[in-house]
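Since the structure comes first, as structure tokens, the remarks are kept for the end.
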């Protein structure tokens, strides 16, 4: 009688508990161990020589390098190449209008001449004279481009200049246009692409250069065990005006260097990003693996 009553109970409850138990077991079995994920930077993992023989130590070193390269390859594959920004220097027509307004006329075709259609004006700086400070007219110019349409042969702007620029301009007005691809707006490429146009000539402007060096060359042979040879990428070259400026400070520095070269130095070619490198070296307690995040340059800019 009791056996029949037991069989008469619904079986959904025990089956559900059994499925939950299997699910929990699968989660525990698939949970990664502490050594499966590589955290950068990985700080000084000390290994006693008595605990690991050279083969095991070399194996761990190779495993660390493999995971590091896998992370880097995954990052590179997910990043899409961004078209390089471009700079245009134009000579607009500027004259004084009524009520102290400045009337600016710019040839529409000269804005993006020689560039793909995807390029748009990112920044516009007007210099009324060679010694005057730049006047940012980005928004008025972008508004004129939008309102006057793509078929207008010339863009006409009516501007109210700041008080210190409210003078009759000379014929040497310049308009500096910074253009970027619409597909890459808001992103700055960390890599130096070979199609960058250097005004000083090929290979003279800020770029990435790789140099092969041994531990003896670096003076590290007494404490670094591996690798015995390094491919060191570094930033070399000059920084002409408006070339690969890292930020607004670099733009101002380049501008002031042109006006006061004795007081303000030119921007320098420095790394914009780095590639992590793992070194195996000796420590007081044995041998250590350490990741260096600022040893090998990956991209360059002027700052």
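The backbone N, Cα and C atoms fix where each Cβ goes, and this holds for glycine too.
Features as listed in Swiss-Prot:
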type	residues	note
SIGNAL	1-30	signal peptide
CARBOHYD	71	N-linked glycosylation site
DISULFID	198-205	disulfide bond
DISULFID	206-269	disulfide bond
DISULFID	235-300	disulfide bond
DISULFID	239-302	disulfide bond
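Over all protein chains present, the Cβ of residue 302 (disulfide bond) has 27 other Cβ atoms lying within 10 Å. A C-beta separation below 8 Å, combined with a sequence spacing of at least six in one chain, links residue 239 (disulfide bond) to 205, 206, 254, 266, 267, 268, 269, 302. Take the CB of residue 198 (disulfide bond) and look out to 10 A: across all protein chains shown you find 16 other CB atoms.
Recorded residues residue 198 (disulfide bond) and residue 300 (disulfide bond) have their alpha carbons 14 Å apart, per Cα-Cα distance.
By a simple count of nearby Cβ atoms, those within 10 Å, the most crowded of the disulfide-bonded residues 205, 206, 235, 269, 300 is 300.
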